[in-house]
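In TrEMBL this protein carries:
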| type | residues | note |
| --- | --- | --- |
| SITE | B:ALA454 | site 'Determinant of potassium dependence' |
| TRANSMEM | B:56-74 | transmembrane segment |
| TRANSMEM | B:121-148 | transmembrane segment |
| TRANSMEM | B:154-171 | transmembrane segment |
| TRANSMEM | B:252-273 | transmembrane segment |
| TRANSMEM | B:285-308 | transmembrane segment |
| TRANSMEM | B:314-335 | transmembrane segment |
| TRANSMEM | B:396-416 | transmembrane segment |
| TRANSMEM | B:455-476 | transmembrane segment |
| TRANSMEM | B:488-511 | transmembrane segment |
| TRANSMEM | B:559-579 | transmembrane segment |
| TRANSMEM | B:585-603 | transmembrane segment |
| TRANSMEM | B:650-674 | transmembrane segment |
Protein chains: 2
Amino acid sequence: MEKEFLAIIAGVLALLFAFVFSNQIKKESDGNERMKEIAGHIHQGAMAFLKREYKYLAIFIVVIAVIMTVIPSLGWKTAIAFVLGAILSILAGYFGMNVATKANVRTAEAARNGQSKALKIAFSGGAVMGLSVVGLGVLGLTITYLFFDGNVQYLTGFGLGASSIALFARVGGGIYTKAADVGADLVGKVEAGIPEDDPRNPAVIADNVGDNVGDVAGMGADLFESYVGSIISALTLGAALVSKNILGNEAIIFPLILASAGIVASIIGVVIARNSKSENPQKALNTGTYIGGILVIIVSAVLSKMMFGDFKAFIAIISGLLVGMIIGKITEIFTSADYKYVKKIAEQSQTGAATTIISGLAVGMQSTLIPIILIAIGILVAFYAMGGSQESLMGLYGIALAAVGMLSTTGLTVAVDAYGPIADNAGGIAEMAELPHEVREVTDKLDSVGNTTAAIGKGFAIGSAALTALGLFASYAENTGITKIDVLNPVTLVGVLIGAMLPFMFSALTMESVGKAANKMIEEVRRQFKEKPGIMEGTEKPDYTTCVDISTGAALKEMILPGISAIVVPIFIGILLGAEALGGLIAGAVASGVLMAIMMSNAGGAWDNAKKYIEGGVYGGKGSDTHKAGVVGDTVGDPFKDTSGPSLNILIKLMTIVSLVFAPVIVEFGGLLMKLF
Amino acid sequence: MEKEFLAIIAGVLALLFAFVFSNQIKKESDGNERMKEIAGHIHQGAMAFLKREYKYLAIFIVVIAVIMTVIPSLGWKTAIAFVLGAILSILAGYFGMNVATKANVRTAEAARNGQSKALKIAFSGGAVMGLSVVGLGVLGLTITYLFFDGNVQYLTGFGLGASSIALFARVGGGIYTKAADVGADLVGKVEAGIPEDDPRNPAVIADNVGDNVGDVAGMGADLFESYVGSIISALTLGAALVSKNILGNEAIIFPLILASAGIVASIIGVVIARNSKSENPQKALNTGTYIGGILVIIVSAVLSKMMFGDFKAFIAIISGLLVGMIIGKITEIFTSADYKYVKKIAEQSQTGAATTIISGLAVGMQSTLIPIILIAIGILVAFYAMGGSQESLMGLYGIALAAVGMLSTTGLTVAVDAYGPIADNAGGIAEMAELPHEVREVTDKLDSVGNTTAAIGKGFAIGSAALTALGLFASYAENTGITKIDVLNPVTLVGVLIGAMLPFMFSALTMESVGKAANKMIEEVRRQFKEKPGIMEGTEKPDYTTCVDISTGAALKEMILPGISAIVVPIFIGILLGAEALGGLIAGAVASGVLMAIMMSNAGGAWDNAKKYIEGGVYGGKGSDTHKAGVVGDTVGDPFKDTSGPSLNILIKLMTIVSLVFAPVIVEFGGLLMKLF
């Protein structure tokens, strides 16, 4: 049991770097009184949201832990692992957001003196998040594994904790940010005609808080889940290989060491990007990302040869990395204004909002083709490289390794991902504090770069979700002892149909929640403008707190139903129709969930950039009818790309892992309905 | 082989009634010169479209027939059956549309003297279509069956002919009608400010032609496919039961006799509805529909007891009927302005088009929940009633019978479905011929009734698509000799993922085609208004023919790619990844296809009625900003509900039946990729 300590060292190292970066950020100047005040509002609003969210989650965690403890086939050990996974997921989000709400104002202040230092602060903020995610992830998993004497069964409990918190955080954060965004835009920009981030807008603080709770804390919990999910998927399959004497203990060690190597590579990449002397911020981020990626590739080749004696595992990992990167590129092609799809949506906007919507939906649907084929190729290559149909369990392990490979540099991709909202927030603070125009220009430039790298991160998230779910799915079959999930059996096909329906239902719920919450916000902003006419003249202060409260309350209320259903429905169907139908349900949910997630994310991204493209001056530019149509597309796309779409990736893994954890219960009680006949 | 002749008698009877109704319609007055001229334009435009469409289809039919003939494992017999299925499908659409384009003007003329006779003519027109569909269907199937000495294998060739024509007709007709509709509305109503169906609008004839080629001919081919598909599914499973000595020959006879009984019940229902003395047209249609339905229920109970000695088949059939009817009711709840969902979309339209779209999409997604659960219950009840897991083939046969039961009164439901566009067309003719305002009121009233009955028809179409596909799917497994389609096998799961992607891709293609065709139409109408300023003053005649040509050309061009892909992709994947992966593909396509079809149809219907609800006077009524938002929703909904949505039901069955027909080829050459490893 000594190699596991390498993982602990890597995890501690990641947290150490996160701590150092965090302290360095805090030492920077946080600007003048006005900036401090605004940043204080945002920080407090974000923390108040997290605090209230954690209260709800605490109840949820305790209830599930008690249920697990009283079910004999699960027991207190699973419950403890579950609680640990949940708490670490919360901590990852908390660390990241805490530092992000400090880095934003310091980035704005640094931007007064140009780009270089502002980039460093914003990126360091993102790196704290990224390294916290991977550090806590690897540490948590390794400790759970060692604590339970190498029994991987309890890791699934850890994964359930991480997944369920991720879903709540993503859905809650997504609803919060979009409600505030839509509310601030629709009344402020459209009705009152004041610019974005104008301090007279009562929803402006809520909007900036939203960027933090949605795009930072929500995304952190999301990627924590993806990261540990992929490792757990590989570890449980590895353990099955060990128990069947197909492989030795290296099958369990390998994913942990690979993840540890990925952490070290991420740290090196982060340090390079952060200290880059390049004047071009895009280049700085790219250099770091590519160096990190290349390091992982080299290390995985060496590890594959050292531990397994051949390069089969390496091929599986490379196939995962390549698939993820190409999906990222495809995502960019479908959502960037440099390519024809976004341009076409802008062109179609000339005939009104209806054609904007139709063409955007068509682009989103079309954009599913290549990613699905790539995922298919990735699955087949990884499967046949490691084992294939002769040794199917080995092949499945290869698929799981491909996902671990994709996510091994999560520390780096999260750093780039989380850097965006920090720069965005810095711009908002600059605007509200009425800093010179040049400051905003710097932050805007910082915000706009990193899109390519962020797109690759998205590609990894989508690709790994499918591969991880597939790996967990195989473990589910191992644990329930079913030898097939045969869709020729109508009961299984019923499971597939119900499973395929769930992402639709889930998206409907989350989209409606955004609508409801946004409406409340719109009413409140309108009320304030009406009752306090001094706001617009600058003689009266708007009441930011009420808007923050509305977003907070609505997000928390609305996250409960989708979150709970994701956990209850698989267990219910498993007990009613049996383990095989539940397997069908998962397969159906993965298939339609991956598709809806790609469709919604890309349609949303394409609409967003089509609007920006029009704002750049084509087809009449800002204020034209074409632009108005583009704004409609962007508003529809907001819940698509920031709430429903990303939540689906978590949903499919959460449902898989719920089934996996509750497998003993389903084996014992499953198929109630069948027993009636 | 004598009981089969009952089916032939029923088929002939249906065609006889269709012929009589058709002659009676022709005897009615077709109005004044102006009406004759307009009706002539519509009739010629529709026939010109069909003629050009048939030229394309003829090439397609010949090519596929030749391919079938040269493949030894298929042979000329399958090719002949294929050609017959294709030709009968074309004939059903042709008969129906031919009489519909005669009934429209006669309905308008009759409406001068009140409602009663107008209803009779319009409904008779619909009935010709309905009875042609079922008459040709049952005749064609029975003759094919007898001609090939009771070898059901060739019936699948017949089904492939019907399905492929249905897809082309639905897609082509759907693109035609929506391009013309959007073009006429956007330039005529919105830009030029002239009312709907104004003869000054150059696209007005194309718009009315579209109602015929889309809603009559397209729908006729669609339901011909559903109808024969469900019977083929039951017949092939019945034949498998016979060959395994589980049941005697009655397993094959039963579906044919059930269909024949359904034809007789439909004729009785049609005659009752047609000759009803009720002043309330809704009541007349309902009475006929209910009597037809009750007759089928009674007969199926008697047949079940007589032929199988128990009521098991009856339970399966009843479960299908109930599921179809409740899905119809649910469809109505989600798409009618009498219920909360449509009202909510209208309410949300007050904050602009973006919220109209978000809430409409959410309603569409939400509306999938209950239909999927109902389909699941229907599958399980039919499966366990007939056989269950002990005798799984019997259970599958039960599922197929449930679909036959749902569609047994197709003659009646098509009559009601096709009656709507005839009344709609009559209204258009009344408007263009400047008949008194009262005439339009009568036709509007006729058009508005029958929605409930039409909704039930839609429920049957959706429910039966899933059940039929499932039955055909089981036959596919029989024919390829695979014993399982195990999604634990990653290769199969790859099939599921690709299959689930296809409906997304297909919808993207068809939605884009509508957009492209509509844009061409918009340009042409604008050009005519600009170059011939006399049109608006009434001094110059618009050029209707060019608009008709544009719709025709675009529809035919755009239907080719989606149609061909639906046939080529399953064969390609089968050869590449093998029979089991192809099974996975079908399961994935059925799951996501059924969901997308329900979502798109219901969202489209809900938007349509939300717009009408606003036009009724709420939230500012016609011309208000809320109304404009409602119009955006309706325009997005048009390709949803009339092109992409309904095509998906055909797509999933077409892909299933392609796989079934080409099963011998896939068994022989399948799994090329696997052979490489």
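Heads up, the Cβ atoms here are built off N, Cα and C, so glycines get one too.
Please treat TrEMBL annotations as automatic predictions, because they have not gone through curation.
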Contact check, the transmembrane segment (B:252-273) vs the transmembrane segment (B:154-171), 3+ Cβ pairs under 8 Å, seq sep 6+:
no
Within this structure, do the transmembrane segment (B:488-511) and the transmembrane segment (B:455-476) have 3 or more Cβ pairs under 8 angstroms, counting pairs 6 or more apart in sequence?
no
If you count Cβ pairs under 8 Å, which stretch among B:285-308, B:488-511, B:585-603, B:650-674 touches the transmembrane segment (B:154-171) the most?
B:650-674
Contact set, same chain, for the transmembrane segment (B:314-335): CB under 8 Å, 6 or more residues outside the stretch:
258, 293, 296-297, 300-301, 303-305, 341-342, 363-364, 366-367, 370-371, 374-375, 377-378, 381-382, 385-386, 398-399, 401-406, 451-452, 455-460, 462-464, 467, 601-602, 605-606, 608-609
Folded-back contacts onto the transmembrane segment (B:488-511), same chain, C-beta under 8 angstroms, at least six residues removed:
171, 174-175, 558, 561-562, 565-566, 569, 573, 577-578, 580-593, 596-597, 600, 639-640, 643-644, 647-648, 651-652, 655, 674
